[in-house]
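S.K.: There's a structure below that I have some questions on.
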There are 2 protein chains.
Amino acid sequence: MKPEANLTVAAIGEQGLLKILHQFCPSHLIGDDAAVINHRSDHSLVITTDVLVDGVHFSDGMAQPNVYTTSPEDVGWRAVAANLSDLAAMGATPFGITVGLSLPGTLPVSWVERLYQGLSSCLEQYQTVLWGGDVTRSSLLTISITAVGEVQPQQVIRRQDAKVGDVIFVTGDHGASRAGLELLLHPERQQELDTVSFQQLIKAHQRPQPRLDVPPILREILPEFRVGGMDSSDGLADAIIQIARSSGVGAKIDAEALPIPLAVRSWVSPEEARKWTLYGGEDFELVLTLPRHAAEQLQEKLGNSGKIIGEVSIEPEIKLSDSDLDLNQSFQHW
Amino acid sequence: MKPEANLTVAAIGEQGLLKILHQFCPSHLIGDDAAVINHRSDHSLVITTDVLVDGVHFSDGMAQPNVYTTSPEDVGWRAVAANLSDLAAMGATPFGITVGLSLPGTLPVSWVERLYQGLSSCLEQYQTVLWGGDVTRSSLLTISITAVGEVQPQQVIRRQDAKVGDVIFVTGDHGASRAGLELLLHPERQQELDTVSFQQLIKAHQRPQPRLDVPPILREILPEFRVGGMDSSDGLADAIIQIARSSGVGAKIDAEALPIPLAVRSWVSPEEARKWTLYGGEDFELVLTLPRHAAEQLQEKLGNSGKIIGEVSIEPEIKLSDSDLDLNQSFQHW
């Protein structure tokens with residue numbers, strides 16, 4: 001028996017495992033939020049799959065079925081939103097999704113119905129359809145969603161396409177979802193906020209809005225489509241780092257321009273606010289690199305919900321204007 | 001609290017749950033092996049999702065990682081074959097698949113690699129590609145596969161299209177997969193068979209061959225494409241019943257013509273052989289309804305691997321020629 005026969009998945013970690021599994025995929029399909037498949041000369045298919053596991057991604061576990069921190073409707077909404085965000089991140093228009101559900105027989109039917117109501121609400125809002133899927137019995141509730149969309153081949157947004165001299169533009173604010181989670185985990189902190197701010201942050205966490213509105217605007221203002229980017233589901237800092245690494249460039253971020261939500265800025269310390277904005281994750285906004293004039297037009301079209309936060313640089317470091325730290329280096333320490 | 005709030009999934013069963021979940025899908029997408037999405041006037045997308053759960057679908061459970069009855073390569077092959085069979089059942093040509101994998105950290109990396117080797121072998125044999133997917137940590141190994149293909153809108157094979165007067169044609173034999181499972185579960189029975197038969201039956205179970213070769217032949221011999229049908233993954237009897245119910249017709253099956261594999265016929269009792277052939281399942285062959293002349297041509301093109309086993313009748317019963325039993329009624333009792 002070879003020694004590596006006993007090597008476990010835990011021992012090599014997620015990145016180690018992905019490196020092995022990527023060998024089984026054509027290399028041009030790897031490295032973005034979704035795979036782009038050249039289907040016809042006038043359109044490519046874009047496909048993405050996400051797996052959510054009970055107790056890991058959306059609840060306190062089936063062992064205590066009454067203590068879900070997220071309602072089944074919100075689980076459904078967020079699952080669809082995450083997948084549609086992956087499509088938006090590629091510049092694609094969604095068509096539909098399939099759902100692979102494995103569930104314990106002890107699960108209340110009403111929970112499943114409410115899950116599907118949440119899925120459907122999000123699908124409806126984005127004119128997308130549930131195509132079907134599979135349901136099977138299991139001891140552990142697991143939801144696997146595959147979303148399919150399409151994009152014109154020359155209008156794909158990729159991480160590797162950041163160009164030196166382009167600005168870095170983010171849609172919306174960042175950190176609101178993390179702030180909402182804080183309020184759900186520590187309900188007593190609700191009293192530190194006014195009602196409007198409270199509701200806004202909770203909603204940011206429970207009902208994130210994938211930015212499917214952005215690609216059509218980009219196609220309009222930039223017909224030559226010089227755009228790079230991805231979504232910020234794993235955090236704003238992560239998105240900037242991924243884009244810079246994939247494109248072989250660096251980034252200079254203006255610390256004053258960080259998209260910290262007003263409700264967060266006026267609630268927690270500046271350090272906490274910055275941390276949530278850079279590393280909170282699950283805001284499902286887009287982080288884009290594009291020419292300055294286009295970014296300014298995009299900002300205007302979005303009614304100023306979005307801003308330029310820095311620029312793509314030739315030096316490989318990722319610098320915050322008020323810090324000597326390289327974000328790329330410091331990321332591991334958070 | 002409404003009384004139904006406590007109703008569990010186990011209480012209403014799979015069919016009850018599906019009935020509820022179907023309300024969330026457009027009705028025209030329901031009822032076949034895969035959903036057909038009208039994408040462009042010259043082609044439709046076909047999409048199908050299957051979820052496999054450790055301990056339910058492919059092993060004795062992670063609790064005893066060394067007693068898998070199916071090798072990881074075979075788990076991978078069978079998972080892909082089942083999905084590609086769903087595409088073949090719709091008359092579609094496959095493009096690619098995504099894999100959503102949730103797995104325990106204790107799983108050996110070599111198991112995952114071997115799973116992907118099995119997936120890839122089957123994909124390669126059918127010129128299909130792994131597009132990517134998602135890997136996440138979980139206490140239970142679960143594999144969710146989504147396969148996408150395409151078909152011309154007028155060349156879709158549907159369950160509801162059986163026409164009175166058409167014959168019922170099955171590709172290949174049925175019952176070999178069930179026989180192979182018997183040999184895996186009871187290795188001592190191997191001595192009851194010659195080596196060639198033994199290997200053939202084991203292979204039928206471990207390496208089923210989805211019938212992607214059949215739709216191109218149908219398009220060639222039946223340009224007007226008068227074909228109904230589905231695959232026989234849940235058994236030959238189930239396929240006949242599903243087709244008849246969906247089409248509002250009946251079927252007369254010639255008991256002498258049942259596609260019992262030679263290796264099974266010469267091994268077990270006639271009753272056991274018939275049972276495996278009708279109800280064994282997982283043969284991943286196609287059960288088609290089409291005009292007799294086309295069926296005869298198809299049989300010839302397939303080198304006689306496939307045969308006419310009966311015809312579509314106006315009376316709603318499903319009759320075996322040598323029995324008074326209605327297969328539709330007796331099915332529940334097996």
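Residue positions begin at 1 at the first shown residue.
Glycine residues also receive a Cβ, built from the backbone N, Cα and C atoms like all the rest.
TrEMBL entries are annotated by machine, without manual review.
What TrEMBL shows for this protein is this:
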{"type": "DOMAIN", "residues": "A:31-151", "note": "domain 'PurM-like N-terminal'"}
{"type": "BINDING", "residues": "A:Asp33, A:Asp86, A:Asp231", "note": "Mg(2+) 3 binding site"}
{"type": "BINDING", "residues": "A:Asp33, A:Thr48, A:Asp86", "note": "Mg(2+) 4 binding site"}
{"type": "BINDING", "residues": "A:Thr49, A:Asp50, A:Asp134", "note": "Mg(2+) 1 binding site"}
{"type": "BINDING", "residues": "A:Asp50, A:Asp86", "note": "Mg(2+) 2 binding site"}
{"type": "BINDING", "residues": "A:His57, A:Glu282, A:Phe331", "note": "substrate binding site"}
{"type": "BINDING", "residues": "A:Tyr116, A:Gly133, A:Asp134, A:Arg159, A:Ser233", "note": "ATP binding site"}
{"type": "DOMAIN", "residues": "A:163-320", "note": "domain 'PurM-like C-terminal'"}
{"type": "BINDING", "residues": "A:Asp234", "note": "Mg(2+) 5 binding site"}
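Map these features onto the structure and tell me what's around them.
M.R.: Note on the domain 'PurM-like N-terminal' (A:31-151): DSSP counts are 35 helix, 48 strand, 38 coil.
Neighbour count (other Cβ atoms within 10 Å of the Cβ, all protein chains): 24 for A:Asp33 (Mg(2+) 3 binding site).
Sequence-distant contacts (6 or more apart, same chain, Cβ under 8 Å) of A:Thr48 (Mg(2+) 4 binding site) comprise A:Asp33, A:Ala34, A:Ala35, A:Asn83, A:Asp86, A:Leu87, A:Thr146, A:Ala147.
Cβ neighbour count for A:Asp50 (Mg(2+) 1 binding site): 23 (other Cβ atoms within 10 Å of its Cβ, all protein chains included).
In the structure as shown, the Cβ atom of A:His57 (substrate binding site) sits within 10 Å of 20 other Cβ atoms.
Secondary structure from DSSP puts A:Asp234 (Mg(2+) 5 binding site) in coil.
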S.K.: Run a quick check on A:Asp33, A:Asp86, A:Asp134, A:Arg159, A:Asp231, A:Ser233: which of these binding-site residues have any Cβ-Cβ distance to chain B under 8 Å?
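M.R.: Answer, by Cβ distance to chain B: A:Asp134.
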S.K.: Using only C-alpha positions, which one of A:Asp50, A:Tyr116, A:Gly133, A:Glu282 is spatially nearest A:Asp231 (Mg(2+) 3 binding site)? These are the binding-site residues in the record.
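M.R.: Of all the candidates listed, A:Glu282 is nearest in space.
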S.K.: Using the recorded Mg(2+) 3 site (A:Asp33, A:Asp86, A:Asp231) as reference, state which further residues of the same chain have their Cβ within 8 Å of the centre of those residues' Cβ atoms, listed in sequence order.
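M.R.: Nearby residues not in the site list: A:Asp32, A:Ala34, A:Thr48, A:Ser85, A:Leu87, A:Ala88, A:Ala89, A:Met90, A:Met230, A:Ser233.
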S.K.: Taking DSSP three-state, what's A:Glu282 (substrate binding site) in: helix, strand or coil?
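M.R.: Once the DSSP labels are grouped into three classes, A:Glu282 (substrate binding site) ends up as coil.
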S.K.: Return the average pLDDT for the domain 'PurM-like N-terminal' (A:31-151) as a whole number.
M.R.: 90
S.K.: Check each residue in the chain of A:Ser233 (ATP binding site) that is at least six apart in sequence and keep those whose C-beta is under 8 Å from its C-beta; list them in sequence order.
M.R.: A:Asp33, A:Ala82, A:Ser85, A:Asp86, A:Gly281, A:Glu282, A:Asp283, A:Phe284
S.K.: Check each residue in the chain of A:Thr49 (Mg(2+) 1 binding site) that is at least six apart in sequence and keep those whose C-beta is under 8 Å from its C-beta; list them in sequence order.
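M.R.: Looking at Cβ-Cβ distances below 8 Å from A:Thr49 (Mg(2+) 1 binding site), excluding near sequence neighbours, one finds A:Ser144, A:Ile145, A:Thr146, A:Ala147.
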S.K.: Compared by Cα position, which of the binding-site residues A:Tyr116, A:Gly133, A:Asp134, A:Asp234 is the closest one to A:His57 (substrate binding site)?
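M.R.: Result: the closest of the binding-site residues to A:His57 (substrate binding site) is A:Asp234.
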